[in-house]
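Chemist: Dropping a structure here in structure tokens format, bear with me for questions.
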Amino acid sequence: MAEVQRFVNTVCSHAWLGQIAKLKKVDYLDNREYIIHALLLVSGNNSSHPVSFILLGIPGLENAQFWIAFLFCVMYVVAVVGNITILHIIRMDHTLHQPMYLFLSMLAITDLVLTSSTQPKMLAILWFHAHETGYHACLIQVFFIHAFASVESGVLMAMALDRYVAICFPLRHSSILTSSVVVKLGAVVMVRGLLLVSPFCFMISRMPFCPNRIIPQSYCEHMAVLKLLCADTRVNRGYGLFVAFSVVGFDILIISISYVMILRAVLQLPSGEALFKAFGTCVSHICVILAFYIPALFTFLTHRFGHHVPRVVHIMFANVYLLVPPMLNPIIYGVRTNQIRDRVIRVCCGKDT
């Protein structure tokens, strides 16, 4: 109840002091009902489109939220610093202006957008109890989360194609994956994500909301917002499944085919050293793929089918899905890629010219 009391006290500092003062005299059965009544009184959400939503943070771990936020903050800082470092090194070193590193730059930019669209607000919720978020801000967050998750999946697919061409057609790699082709691939991946996810927000904005404006999560996610609609959401859910399966299904298929062809080519190499070197060029990419798709698939499946999974587990994995891959990607590539690792060492030692 202390968490709820702090939220109500925060709201009381605004123009609705008189209404909340009356509300605080009522003895409610649980925190959720208390918050819902507070929200309905103070937010003016009595139209088909709400003025705002309330993000609860991590329900079930209210007493630990303040300390969990420190861990999330460290992970966010590592993600931001790591990805900015990758971008800086690739921009400054002209020898890294190759398809593999251009795709890595796209991945770093996508990770920065993906984490920054959720983590600052989440930290504000967990540390400063800034639970309220505007209606349009919530829909914008839905758009950025799902659009750039789609873009990240597409970039990983493009990186798999780059590894396929580099290993199976090493002499023609530079002629097949020219800078123009790389830019076009990146543009297609970006446009695909933006176009496929845009209908999410449009379809939501055309439907009425129920009086309940509570989102038991630390950010606005498509399925969580759908649960607040007072209308038939089968079309929305069906389209969401179509986007998820068409994007992730297609990308995983291309990645799988690429690595099957890579495996066939590698196993035909006569030298064990060449075999090891070829596998080594793919290790970083495989680790990044696993770090992205495993938590993403777990979150997707539990949101729709895992009704018996504790809500706190789902919420924690939803945060891991958007935070861990952007944090690990620059670390994995920094450790596994000699050019990036050597450049970082030179910068840290003050030997960079």
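Any Cβ shown, glycine's included, is placed from N, Cα and C.
Found this in TrEMBL, in case it helps:
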type	residues	note
DOMAIN	82-333	domain 'G-protein coupled receptors family 1 profile'
TRANSMEM	34-58	transmembrane segment
TRANSMEM	64-89	transmembrane segment
TRANSMEM	101-119	transmembrane segment
TRANSMEM	139-161	transmembrane segment
TRANSMEM	181-205	transmembrane segment
TRANSMEM	239-262	transmembrane segment
TRANSMEM	274-294	transmembrane segment
TRANSMEM	314-335	transmembrane segment
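Describe the structural context of each listed feature in the structure shown, including burial, neighbouring residues and relevant distances.
Modeler: Beyond its flanks by at least six residues, the transmembrane segment (101-119) meets 72-73, 76, 79-80, 83-84, 86-87, 90-91, 141, 144-145, 148-149, 151-152, 155-156, 158-159, 162, 179, 182, 186, 189, 218-219, 288, 319, 322-323, 325-327, 329-330, 333, 339 of its own chain at Cβ-Cβ distances under 8 Å.
Here the transmembrane segment (139-161) has Cβ contacts under 8 Å with residues 100, 103-104, 106-107, 110-111, 113-114, 117-118, 121, 133, 177, 182, 185-186, 188-190, 192-194, 196-198, 200-201, 204-205, 219-222, 225, 243, 247-248, 250-251, 254-255, 258-259, 285, 288-289, 292-293, 296, 322, 325 of the same chain, all six or more residues outside its ends.
Remote same-chain residues near the transmembrane segment (181-205) are listed as 49, 99, 102-103, 106, 139-140, 142-143, 146-151, 154-155, 157-158, 161, 222, 225-226, 229, 235-236, 239-240, 243, 246-247 (criterion: CB distance under 8 Å, separation of at least six residues from the stretch ends).
Note on the transmembrane segment (239-262): residues 146, 150, 153-154, 156-157, 160-161, 163-164, 167-168, 192-193, 196-197, 199-200, 203, 222-223, 226, 278, 282, 286, 289, 293, 296-297, 300, 304 of its chain, located 6 or more positions outside it, place their CB under 8 angstroms from a CB of the stretch.
Within the same chain, residues 107, 152-153, 156, 159-160, 163, 166-167, 248, 252, 255, 259, 262, 265-267, 324-325, 328-329, 332-333, 336-337 sit at least 6 positions outside the transmembrane segment (274-294) and bring their C-beta atoms closer than 8 Å to a C-beta of that stretch.
For the transmembrane segment (314-335), the list of distant contacts is 58-60, 72, 75-76, 78-79, 82-83, 85-86, 104, 107-108, 111-112, 114-115, 118-119, 122, 145, 149, 152, 216-219, 221, 284, 287-288, 291-292, 295-296, 298-299, 302-303, 306, 341, 344: same-chain residues at least six beyond its ends, Cβ to Cβ under 8 Å.
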